[in-house]
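Asker: The following block contains the structure, expressed as structure tokens.
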Amino acid sequence: MSMFCYQCQEAAKGTGCTVRGVCGKDENVAQLQDLLIYVLKGISVYGTKANELGIKNPEVDDFIVNSLFSTITNANFDKNHFEANVKKGLLMRDDLKAQVEKASGKLTNLHDAATWGSSNVNSEGILQKIFSLFSGGNKTQTEYTIEQLKEKAPKVGVLATENEDVRSLRELLIYGLKGMAAYLKHADNLGSRDEKISAFIQKALVATLDDSLSADDLVALVLECGKYGVDAMALLDGANTSTYGTPEITTVNIGVSKNPGILISGHDLKDMEELLKQTEGTGVDVYTHSEMLPAHYYPAFKKYKHFVGNYGNAWWKQDKEFKSFNGPILMTTNCLVPPKPEYKDRMYTTGATGFEGVKHIADGVNGKPKDFTEIINHAKKCKPPVQIEKGEIVGGFAHATVISLADKVVEAVKSGAIKRFFVMAGCDGRMKGRDYYTEFAKKLPQDTIILTAGCAKYRYNKLELGDIGGIPRVLDAGQCNDSYSLAVIALKLKEVFELSDINDLPISYNIAWYEQKAVIVLLALLYLGVKNIHLGPTLPAFLSPNVAKVLVDTFGIGGITDVASDIGMFMEA
Ligand code: SF4
Ligand code: SF3
């Protein structure tokens, strides 16, 4: 076995990728990602102590968040990025150790994660010498070789935890942190951050090294992660809406214009804003792709005439749709699929994303915006996109908008016009079994409403499902992080209907998952007390039978079966 990863829904054979990821991640990247996570745990050993001592380290907080984010499924496939960050992280760890020991005296009984491959940093913070712990290591070398790093990786990866239940809970916690980190990074790009969330991340990372913790301790941490997940999504919601306005009900064109275009994918609205500003007046149009679709719902972006529509569908169809787009594509976050030669030279990554051989747009220096000039000039030389669809889709049903319609919604529920809501948030993916969600949406009774967020919506957002008294039967709140909006709506309805338990609402949860952002959404819902969530198309490979049983017994978590049986089960609830 040259690698082991089971963090996403497409884990090979439903158990884990062991030779190469189904996502395209190779063993080098997989091992360096494992090592980077281990380095983050080591940094956090000192980070938690620094937090106790009141030593502030925003740079360390950022490094941990950015690194967790970069290991999310389909975000970054660039081994050079991970190699550089493992090395950077080791230096950061040793520097933090020095700060903590200066304040509190020498630390003893440290975990290997906090000591391996330790370096000597001189008074100017320059690495002088690495006391390599690797076989064949040269005591005077100043850089690790990739072979040495790879030698360490299997000893610290997922399978290093032998007990499968402890492993399952540790990884569930780490995947929740990864999803949370993505949302924190977007909020941070808009100037919103919360030290308490960073402190929790570090505490949780250290907990994954602690063999004395019981399964109950780890379950408690997983739920606490859900609490911080709610906080992180609320932080991002506040950052997005205070910067770009409250999402409005919006009709989005899915056809094309006659101009060359740039396609922007992923979740980062700051990148979206900068691209729109820099393309204005250039003759280049901008289209959203996949999870960037909800950018159309924000008032601040509506003023750009060249922001013409959405092109294509969920992430996994990009290998076909990017070809016919003809122009450059900017990936601001996951989900990036290893690009085909037909369009690889038109792809650009930025932020946490990366792929070897694909041009990466660097962060702006000294608070300046990123420079998208190269992409814009590239677009000018390209043909306009080939139309693959035409028509419109409607969205913008974030919490403030839906709550402003509360009277209408409550009336429809009281009159019986709306019998039940179905939260169908989450992710889309390649698996054939995901046709289930299209069928499910089609076959739901006409007196039901689908509440959605995330790229899962592409399975049914172009169907003609009609409306109930003017309320569309598919209400799209936005990106996966806007699942927060769906929770806020549920809490508001609970209040309006004067219920003591959120589970007494006529709302069922049939969530599709793929990557780790869906994990933090799930943990957030569990923290809010939502029970009987159904998760598909398959349950996570990282849930051991015993951990799955805890989730079933405590929270009523279930899988999916067939459409007719599941609709029957939900409607009788
Ligand atoms: Fe496999 Fe998913 Fe891990 Fe990729 S992210 S290696 S597909 S489990
Ligand atoms: Fe989608 Fe990757 Fe999860 Fe943001 S873009 S929901 S899969």
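Glycine is no exception: its Cβ is also placed from the backbone N, Cα and C atoms.
TrEMBL annotations: computationally assigned, not manually curated.
Below, the features straight out of TrEMBL:
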- Cys5, Cys8, Cys17, Cys23: [4Fe-4S] cluster binding site (BINDING)
- His267, Glu291, Cys335, Cys427, Cys455, Cys480, Glu515, Lys517: hybrid [4Fe-2O-2S] cluster binding site (BINDING)
- Cys427: cysteine persulfide (MOD_RES)
Asker: If we count other C-beta atoms within 10 Å, could you say which of the binding-site residues Cys17, Cys335, Cys427, Cys455 has the fewest?
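Answerer: Among the binding-site residues Cys17, Cys335, Cys427, Cys455, the sparsest Cβ neighbourhood within 10 Å belongs to Cys17.
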Asker: Tell me which of the binding-site residues Cys5, Cys8, Cys17, Cys23 ends up closest to Cys427 (hybrid [4Fe-2O-2S] cluster binding site) in space, Cα to Cα.
Answerer: Cys8
Asker: Report the binding-site residues (Cys5, Cys8, Cys17, Glu291, Lys517) that meet this criterion: Cβ distance to the nearest atom of ligand 2 under 6 Å. Use sequence order and write none if nothing qualifies.
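Answerer: List returned for ligand 2: Glu291, Lys517.
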Asker: Out of His267, Glu291, Cys335, Glu515, Lys517, which binding-site residues lie by ligand 1, with a C-beta less than 6 Å from some atom of it?
Answerer: none
Asker: For Glu515 (hybrid [4Fe-2O-2S] cluster binding site) and Cys17 ([4Fe-4S] cluster binding site), determine the Cα separation and express it in whole Å.
Answerer: 14
Asker: For the binding-site residues His267, Lys517, which Cβ has the most other Cβ atoms within 10 Å, all shown protein chains included?
Answerer: Lys517
Asker: If you measure Cys8 ([4Fe-4S] cluster binding site) to His267 (hybrid [4Fe-2O-2S] cluster binding site) at Cα, how many Å is it?
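Answerer: Here the two Cα atoms lie 18 Å apart.
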Asker: DSSP secondary structure for Lys517 (hybrid [4Fe-2O-2S] cluster binding site), reduced to helix/strand/coil, please.
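Answerer: The residue in question, Lys517 (hybrid [4Fe-2O-2S] cluster binding site), is helix (DSSP, three-state).
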Asker: Using the CB centroid of His267, Glu291, Cys335, Cys427, Cys455, Cys480, Glu515, Lys517 as the hybrid [4Fe-2O-2S] cluster site centre, which other residues of the same chain sit with their CB within 8 A?
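Answerer: After dropping the recorded site residues, what remains is Ser290, Trp315, Thr333, Asn334, Gly454, Gln479, Tyr514, Ala518.
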Asker: Whole-number answer please: how many Å between the C-alpha atoms of Lys517 (hybrid [4Fe-2O-2S] cluster binding site) and Cys23 ([4Fe-4S] cluster binding site)?
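Answerer: Checking the Cα atoms of Lys517 (hybrid [4Fe-2O-2S] cluster binding site) and Cys23 ([4Fe-4S] cluster binding site) gives a distance of 16 Å.
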Asker: For the [4Fe-4S] cluster site given as Cys5, Cys8, Cys17, Cys23, which other residues of the same chain have their Cβ within 8 Å of the site's Cβ centre?
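Answerer: Not counting the recorded site residues, we get Tyr6, Gln7, Glu10, Ala11, Ala12, Gly16, Gly21, Val22, Lys25, Ala30, Thr73.
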Asker: What's the CA to CA span in angstrom from Cys17 ([4Fe-4S] cluster binding site) over to Glu291 (hybrid [4Fe-2O-2S] cluster binding site)?
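Answerer: Rounded to a whole number, the Cα-Cα distance is 25 Å.
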Asker: Could you list the residues of the same chain, at least six apart in sequence, whose Cβ is under 8 A from the Cβ of Cys23 ([4Fe-4S] cluster binding site)?
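Answerer: The answer is Cys8, Glu10, Cys17, Thr73, Asn74, Val337.
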Asker: Measuring Cα to Cα, how many angstrom lie between Cys480 (hybrid [4Fe-2O-2S] cluster binding site) and Cys5 ([4Fe-4S] cluster binding site)?
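Answerer: With distance taken Cα to Cα, Cys5 ([4Fe-4S] cluster binding site) is 23 Å from Cys480 (hybrid [4Fe-2O-2S] cluster binding site).
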